[in-house]
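Look at TrEMBL and you will find A:H101, A:H108, A:H155 tagged as Zn(2+) binding site. The compositional bias 'Polar residues' annotation in TrEMBL covers A:153-165. Annotation source TrEMBL lists domain 'SHSP' at A:53-162. Under the heading region 'Disordered', TrEMBL lists A:144-165.
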Amino acid sequence: MMADRAVPHAYPMSTRYELNTPSRIYDQNFGEALTPQDLLTPTLYHGYYVRPRITKQLGRGFSEVETESGQWRVRLDVCQFTPDEITVRTVDNLLEVIGNHAQRQDGHGFVSRSFTRTYVLPVGVDPLLLHTDLSHNGILCVSGPRTTPDPPSTHTLTIHTHTQD
Amino acid sequence: MDTVCITHWVNIPVRHQALFQGRDLDACAEDHDLFALPGPAIADPGVELGLRTEPVYQVLLDVTQFRPEEILIQVFEGWLLIRAQHGARMDEHGSVSRSFIRQYPLPEKLQLAGDLRALLCHDGILVVESKNRRPVGTPSDAEEEPC
């Protein structure tokens, strides 16, 4: 379902890349234990019967990138981690979200998880102006202003005509 | 035999359709052998398809994000350990790497790796279950739920 590619579709900072990239992707929660009751009736998906999961029907586990004209915003569902287990940092024009939680008990057993996700900042987003929020339902939101490049200053030259005497 | 075809620019034939034919789809959801990818557990002759039995012990795990070779299943001193790890790979929003370790306590009677078998289903569900099965509905004397 989630095909991995060795190279991105296009150069990450081009318009073509932004147009070809879906703004919202799912399946970002990982290491989830299931019970038989979580499996729903099989449905056809690309010629195979697959079983939808209740845990994936709630609109959770998404990653969303929004590039508006004046603002760039990333929202990532990190509900499997607590705020002190999340690190957000920028490296050059990359935004890194690192989550790491030690072994803890849940309804099925013990689990420990870690992930690193890297976003590429588009042209015009200053890494120093980014602002990070974590909402109470576990959605991390990183946003920053995006400046459009100034239109080139124009200066119209007057045309002097010389009449021939 | 009429076959279902999905039309999505090209016709996609439905694979493994014969296994599902004439069965209630709701009941198929818990029959993991129907979805399993080929592997050593499938070649195990101890399990017949279609027989209404359920394993004594079973663990289900969603490993959609991982490849088969990135998943490691171990049995160690009464614990079932499932590790999955993948390095940085590109996806639609950049690159991502993940890893997790899950531990489940094993019941008293199933302390050996030989008592268990593992299936990886093509919809991303990993099933680890005991090889000995009981008919559906019979309460077992040593009911041990993984909780």
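A Cβ is built for glycine as well, from the same backbone N, Cα and C atoms used for every other residue.
What you are looking at is a predicted structure, and each value in this text was computed from that prediction instead of being measured.
Within the region 'Disordered' (A:144-165), the DSSP-based counts of helix, strand and coil residues read 0 helix, 3 strand, 19 coil. Each of the binding-site residues A:H101, A:H108, A:H155 was checked for a CB under 8 angstroms from a CB of chain B; the ones meeting this are A:H108.
Long-range Cβ contacts of A:H108 (Zn(2+) binding site) within its own chain (separation 6+, distance under 8 Å): A:A33. For the binding-site residues A:H101, A:H155, the largest tally of other C-beta atoms within 10 A is found at A:H101. Averaged over the domain 'SHSP' (A:53-162), the predicted model reaches a pLDDT of 90.
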